[in-house]
Amino acid sequence: MRVGAAVWSVAVLATLALVTVIQQGSVASRWLDAPGSAEAAAPGVAAGASGAGLTRPAGGDAPLPRACALARDERACAAWVGARERPPRARAWARAVLCARNCSGVGSCDMHTGVCACAAGWYGRACERLSVRACNGETDGLWVASHCAGECDARTGFCYCPGRVGVRPLPDTCQPSHLSVDAFAALGLRPDPAAPGLSPRDGSEAVPAPSTAEGRHAALRRVEAVTRDLAARPDQRANVLARLWYGAGPAGARAIRVDGERGVPRTVGARPARAASAGAPHPEPVYRRISARGTHPANALLHAAAPSAAGPTTDGRPAWCEADASGEPAHRCACVYDGMHGALCEERHEPFCLNQCSGHGVCAPRGGRCECARGFFGADCSLTTEERADGSGRAVVLHAQHAARAAPRSPRIFVYELAESSTLLLELRADKRSCAHRFFDAANRTVWSSYTYAAEVLLHEQMLASRHRTAVPDEADWFYVPVYACCLILPVYDYVGPGPWARNYPMRPVSAMRLFVDALAHVRGALPHWNASGGVDHLFFFAHDEGGCWAPRELAASATILSHWGRTDARPDSSSRYMADNWQSDHRTDTRAPSGRRWDFPGGSRAMIGDHACHASGKDVVLPVFAPPDKFEASPWLRVASEVARAPRARAVARTRAELSADLAAQHADARVRGAPSPPADSGARRADVGSLNATLSRAHPALVAEVMRARRTLAYFSGNLALREPLKYARGVRHRLWAAFNRTNGWLLTGGRGGQYSRDLADATFCIVPPGGDGWSSRLDDAVRHGCIPVVIMDGVRMPWEEELRFGAYGMRIGQADIERADAILRAVPDERRVHMRLAMYEVWTRFVYAGAMLGADDFLGAGAPGRLPREFASQPALSALRLALGADGGAGEPRPDAFDTLMMALHARAAARRARARLVEALA
């Protein structure tokens, strides 16, 4: 009997634990709606202006919190809302650990692990080793953007005017189109065998035409011979550079040295005076195009006497590098390096750093790295130490003003310090518009970036400043590992890469994969938590085109992958038509890491990736793409939010069912054409649906009713690359077929890039087509929801953002790829009342597709110690002002709406609860 009772007890415990797993959000067990299915239940609409009290969890009496509207697992979501503000409890603590040699004064110490975060140009355990990033690398072809006819900052690979390093940029878009052969060789440039070579100045045939194979080989031989000669004669090399940079002879050459530490030519002492204008073209043949982006005559950039393929062209005006405030230069270069502005890039403004160093440090002059005040550390200077009351040591804590200092919200997230895979890459980006989601203008106002992969840095910044953050790893539910793989791919390796992929260097995602391998090695060695859990509580963000397809196999097997690409094939192939992004190409040769280390590929890169799905349903999470405010400025939901704020207590006028049916029929009559399917008959089921809709609308605000009932001129809309000149592999051929089937169909608008018209187009379309991206993910579902345009997904086996967290069928639909040619008939057959239901559902969830918190609180991290340091005019932009109202952040009645970050926290809370429940089940069965 005792044995039987024990077995029975274990069985009961196992059953209870299993029920808990199901209730607490085991997403894998709650499969998605069938493609094209429509959920009959209408979304809830606010009883008041805020919309609080929508529906009730199944079997419960309490109203469903607004944060859980249309959540797929309502119970798990409600549990998350209830657990967010857990009462304070006895806290664990993390002991501070010192770093070797105080990081040699060129780095900051992560006191969680005792590992140095080195500034650009240094690496090693104590930042004691130099990391040279020469602009003109020995293996670089003409495509590399760092090619520099001026003076190189060998810490970062940035190009400047000679003698003005750190002062006047000579960026990749401002390079000479031609250089004399001796100058080309003196700079250390290497010609690209496939590129045009020498062009004789006098028109003679001494050098064969570079368009022929014989000409290209002759050009290569000539440059190689001059390079060998100058390498053996350093004084002559200095003479050549002096003439190129300053128009000076041997006397000027004495000011030029090859730095013994870095091996890069540099100016020593004061910059020589301005050279006289050239009287005649340079006698040497010139090498065409110093780099892929070189387009300007050298005498408009370096100095008036510089060799130019066209002779003197400056009309007496100074060149860019020799100009001063008294004269207009012959050409102006863009101030693309962060923190620079002005007519000659001579003025300075705030560069980008994570959370602008939290008010406890300053951003380094070119941005990316925080120089923390004494006693503070971390990627954003948000960590410090304090002596424990019992005298047992110093503990690592968040700074006093941090939102999570007292007690972090659930789920609690620990953020690793990983400078080599994150902030170092920000230091090495040679364009302030790249990598980050924001930068500053000349007046220190925030400017939102259109960089495609901006969510990568944004999410890290939000994690660091979030109320969910904990500085104590032992109390964390999740561990976030920041890796800026997209920033590595573009622009960092586009500027100073290990070498072009066409010359047997790794494909771009292969290099990025290797960056994740380094990050994983650090995580495994720095703290015990990956090894303790097997990695199931670790988060990695793969924001590039194909998401987690090329994740290292060990990481993909256990960690949670965040991405924009929910492709579920068990053994996917590379979907990119861009050769440099073919991650299936096997690479085995050691190469250079951004930090200066060497990367190896044991067994080859293909074996390191292995065979796994890009997205594992129930484990991984698909996130929306970051969109700057101008991408949704015409959103009708913003207009509704403004009108609700002006008249919060207004109510719609009740109508009879017949009146509503007539209104619905009138809304879309102009979208129907001869031969199209008739709307569904007025069946009993349809009459009930109309009646339910009428009851819902009668409780809604008139502004919302007017919007969801508004006639839209376009039936189906798509804007983007229509694949007219693309191979069939591009976007799985879906765009080719859409164009062939519907480019002349009434009510369809298939068009190329629309620029500023895009947001208005979305707001005036009923259905928005969501085909695959050209090389992977697409942001078009996010764009559609933000504009109340019903998303129509046409990509089989790919999960959309939040599709596994929300009831997608309530606001979107799917059409199988096999049914593309039937899309017009399918869309026209959707009843008008169903369209209105779906718009109402989108109204409830649209803020989940906006990183609103990141935009509305973009300088809250400055804290009380720096009031007014950065202006907040950006927050008065119409789109952001209305977004604040839409979130209910200005004191409106009821509960604020969740944004994208909140929705991720909801998903992570459910997964953590399910993980704990599974652990209890295993323990009970043991």
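Keep in mind that glycine also has a Cβ here, set from the backbone N, Cα and C atoms.
As annotated by TrEMBL, disulfide bond applies to Cys99-Cys109 (among others). Neighbour density for Cys99 (disulfide bond): within 10 A of its CB lie 21 other CB atoms from the protein chains shown.
Sequence-distant neighbours of Cys118 (disulfide bond): residues of the same chain at least 6 apart with a C-beta under 8 Å from its C-beta are Cys103, Val106, Gly107, Gly124, Cys127, Ser131, Ala419, Glu420, Leu424, Ser595. According to TrEMBL, the feature disulfide bond maps to Cys118-Cys127 (among others).
In sequence order, Cys363, Ala364, Gly367, Gly368, Arg369, Cys370, Asp380, Leu426 are the residues near Cys353 (disulfide bond), counting only same-chain partners six or more apart with C-beta under 8 A. Taken from TrEMBL, the feature disulfide bond applies to Cys353-Cys363 (among others).
Annotated disulfide bond per TrEMBL: Cys372-Cys381 (among others), in sequence order. Residues within less than 8 Å, Cβ to Cβ, of Cys381 (disulfide bond) and separated from it by at least 6 positions along the same chain comprise Cys357, Ser358, Gly359, His360, Gly361, Cys370, Cys372, Ala373, His399.
The domain 'EGF-like' annotation in TrEMBL covers 95-128 (among others). Long-range Cβ contacts of the domain 'EGF-like' (95-128) within its own chain (Cβ-Cβ under 8 Å, at least 6 residues beyond either end) map to 154-156, 364, 368-372, 377-379, 383, 385, 393-396, 417, 419-420, 423-424, 427-428, 471, 473, 522, 526-527, 595-597.
Helix, strand and coil content of the domain 'EGF-like' (349-382), in residues and according to DSSP, is 6 helix, 8 strand, 20 coil. Annotation comment: TrEMBL describes 349-382 (among others) as domain 'EGF-like'.
Look at TrEMBL and you will find 192-216 (among others) tagged as region 'Disordered'.
Helix first, then strand, then coil: DSSP counts for the region 'Disordered' (576-602) stand at 3 helix, 4 strand, 20 coil. Under the heading region 'Disordered', TrEMBL lists 576-602 (among others).
According to TrEMBL, the feature region 'Disordered' maps to 668-688 (among others).
The signal peptide feature in TrEMBL is assigned to 1-28.
In the predicted model, the domain 'EGF-like' (349-382) has a mean pLDDT of 94.
Taking all protein chains in view, 25 other C-beta atoms sit within 10 angstroms of the C-beta of Cys127 (disulfide bond). The domain 'EGF-like' (95-128): residue composition by secondary structure is 6 helix, 11 strand, 17 coil, according to DSSP.
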